[in-house]
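Trainee: Here you go, one structure.
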Amino acid sequence: PFSRCRSVMSAPEQPAGPPAAAEAPEPEAANRYEAVAPHWFYCKVTDSRERWIPFSIQDSERLEAAHASGKGQADVTVATSGGRYDVHLQQRQRVAVYWEEEASQVRRCTWFYKGDKDNKYIPYSETFSEQLEEAYMIAVTLDEWKKKLESPSREIIILHNPKLMVHYHPVAASDDWGSAPMEQGRPRTVKRGVENIAAEIPAGEPLQIDHLVFVVHGIGPACDIRFRSIVQCVNDFRNVSLNMLQAHFKKAQEQQQIGRVEFLPVNWHSSLHSTGVDVDLERITLPSINRLRHFINDTILDVFFYNSSTYCQTIVDTVASEMNRLYQLFLSRNPGFKGGVSIAGHSLGSLILFDLLTNQKVAPEDDERGREGSTTTSSTRGVEQVKEILRTLELSEYSDVFEKEKMDRQTLFLCTEQNLKEMGIPLGPRMKLLHYISSKRETQVCTWNSGTPVIRPRGFSRLTNPTFPLPQVSANYPQLIYKPTIFFAFGSPIGMFLTVRGVKRINPNYSLPTCKGFFNIFHPFDPVAYRIEPMIVPDVEFEPMLLPHHKGRKRMHLELKEGLTRMSVDLKNNLLGSLRVAWQSFTRAPLPAVEAAEAEGETSAEAQTETKAEESPEPAKEEASAINVGMLNGGQRIDYVLQEKPIESFNEYLFALQGHLCYWESEDTVLLVLKEIYQTQGITLDQPLPGGQ
């Protein structure tokens, strides 16, 4: 297209010359005309402002091919934007596939004019573009310029020459002098062909999808500092991932080992606030500081909703059903997909996913495959525990009933009065059992035991030691129809919520029932984020893993900070050592030689001690990275901290909010996600990053 553009634009450059000179090259001029190459655009409306965005080269070519072959057919649908949008050619509409969004207008574009407000080029309608192209063809062929066309809205376009084509605004009303519209209207530049408008047109996304990731948002409808939706933020995350794949997985791409990772947003906020709760809140909200109160109602109250039994059930049902729906829809549109599925949650969204994952049930066949024999042993132990409880309550005669129902200690404590009634337990024994359950619930202590499975009302089955849950809101957690490979938590308050719920320690042997990977990623200034590892290893103090910068090495200001710290320690040690030696030589008598030898021995011992003290931080770091943090992430480290930017280090409080909302465009976060996902497929980075695992 660019070579065509140059040949057209360099065509006749002598329209102002004498007529004879213009007629001479006429046969050549006829050969110089070439039809314009169309490109497809869609219209995006933001705050009542229209913005025309080009499809990728790949999508535009597919749309053009379908347009050429689909004439006369009822309607042709073309998947675009990696399969996330469908374009209905006959209706000229772009429709979202996986989420709700207003349909966008689509246009096959060849001619453009410059807009007033932002100097962006706007495409003419397809019908008028055809008229312009026809006039241009005649002008080039006959070498007759100064062509004037009037659009349906009385706008005037004049083709002065191939390089100068002008669009004049219509005038609302003629003045007293009867001036023509083109004389009063402000001229705009007109361009032919998309290659002349300097539009940024992406090449397109790889067709092959290796892995699917569902992303769940946190509180409120806005997910970042610019108040954008989860769809827009996940779009950014996906775009960054494509850039990181090109930068760090280039060899695998060239060898066609990988395609890309698809990220799909999961929205639960709209479902929660469509239950009518907003109307109820409106009645009781005070009229003062109106905007702040409405902001709190729409965002911060989501945390309280999640701690309500009614709305917690709505939220978990929405998240699980939406992820299951998206998964089935994705498979129906990508029948050849063989990759895995992971899930990611931001802020409160990570807590919702954590509670869902802790309540997933392992399929019997997987349970047997994973630990043969242990199931039988555990089941037998559970039945014996129930018999012991019944014996204590003098209800041994009902042991056979509980054994028939395969009731172990864990399921016994989940029983309600209705369950016991359905099992045929009379009223008296039933009351005894319910009283026993109630008394045990009140006297539970939150400590960990590696052997006993655990029960909890809200997503803590097998997470804490008590056989009864803490007094918390209960919910019936739905099951996912797939097993997530990895769970990524961004800026997550999981650790805080576990502590508030009464969990003091997480069993090192505990892992999520159906998900073996768990990464807790946070910015150092994020006020909502909390660590997980100290709950598993409470007796050892160690730092979280520092995420390497996506371009390698640490950020300059962090290296400088560490270097200054190391230098100050060295100076302090050297100064103290020199003072100590000077003081000893001053206070000790110079006789005899034996004492001098002893002094030398002491000095050398002190020097060795200082050397060891100086060297100690390095082994400590190695020890920290190799520390056993349990099986929650398959034996790997769980907590990963981002490196703050230089400007952020000046004031932690000023950038606290930004720290909580930075993950969507964080290359370091995206690179860790890609690295861990592709490691499950045996594919590694082109070059390992310093400090990376």
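Cβ from N, Cα, C; glycine included.
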Trainee: Can you check which of 1-26, 53-78, 79-104, 391-416 TrEMBL lists as region 'Disordered'?
Mentor: 1-26
Trainee: Looking at the candidate ranges 346-376, 439-469, 594-624, report the one that TrEMBL labels region 'Disordered'.
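Mentor: TrEMBL lists region 'Disordered' for residues 594-624.
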Trainee: Take the domain 'WWE' (26-108) and average the pLDDT across it for me.
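Mentor: Summing pLDDT over the domain 'WWE' (26-108) and dividing by its length gives 87.
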